[in-house]
Amino acid sequence: MLGELLERHRATAVLLLSGFILFGAGISLGFGLSQPSQGAGDIRYSGETLSPGEKLPSPVAEISFPININTADALKLEELPGIGPAKAEAIVAYRKQNGIFKAKEELQNVSGIGPQTFAKLKSLITVK
C-alpha cells in the first residue's frame, strides 16, 4: 500500500515537473505568452514604416546617360562616377570661363580630371 502511494506521488511529481518545463519553454519560445516589442518586424525607409513583405517604392528619379556636360548643372554632373561636388563645380566654372566644350576630351582641361578619370567618363558624357 505504501509502495502504491509513493508510486502515485512519483508520477504526479514527474507530471508536474514536465508541465513546468513545457510551460517555461513556451514562454521562452514566445508561444503567444509574450508581447512583441513595439515596431518588431517593421523596416524604416526615408521616414516611412514598411511592413514585412511590403515592397519599397520605386526610385523617384533615374540617372540617364549620357550626360551633356555643356548643359548639366553641378548636381547632374555629380551623378557621374568620380565626380563629387568640388569637381562638378570646377566643370561648371570652366564652362562659364571658356565656353562650351567642343569635344569630350576638353573635359581633361578641368583641374582634377586627368586621363584615368576621363577614361571612366568618356562613354557617359556628351557635348551635343
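Each residue, glycine too, has its Cβ placed from N, Cα and C.
Where the annotation comes from TrEMBL, it is an automatic prediction and has not been curated.
The transmembrane segment annotation in TrEMBL covers 12-33.
Feature annotation from TrEMBL assigns domain 'Helix-hairpin-helix DNA-binding motif class 1' to 75-94 (among others). Among residues of the same chain six or more beyond the domain 'Helix-hairpin-helix DNA-binding motif class 1' (75-94), those with a C-beta under 8 A of the stretch's C-beta atoms are 63, 67, 69, 107, 109-113, 117, 120-121, 124-125.
Residues or ranges marked as domain 'Helix-hairpin-helix DNA-binding motif class 1' in TrEMBL: 105-124 (among others). Broken down with DSSP, the domain 'Helix-hairpin-helix DNA-binding motif class 1' (105-124) shows 15 helix, 0 strand, 5 coil.
Here the domain 'Helix-hairpin-helix DNA-binding motif class 1' (105-124) has Cβ contacts under 8 Å with residues 65-67, 69, 80-83, 86-87, 90-91, 94, 98 of the same chain, all six or more residues outside its ends.
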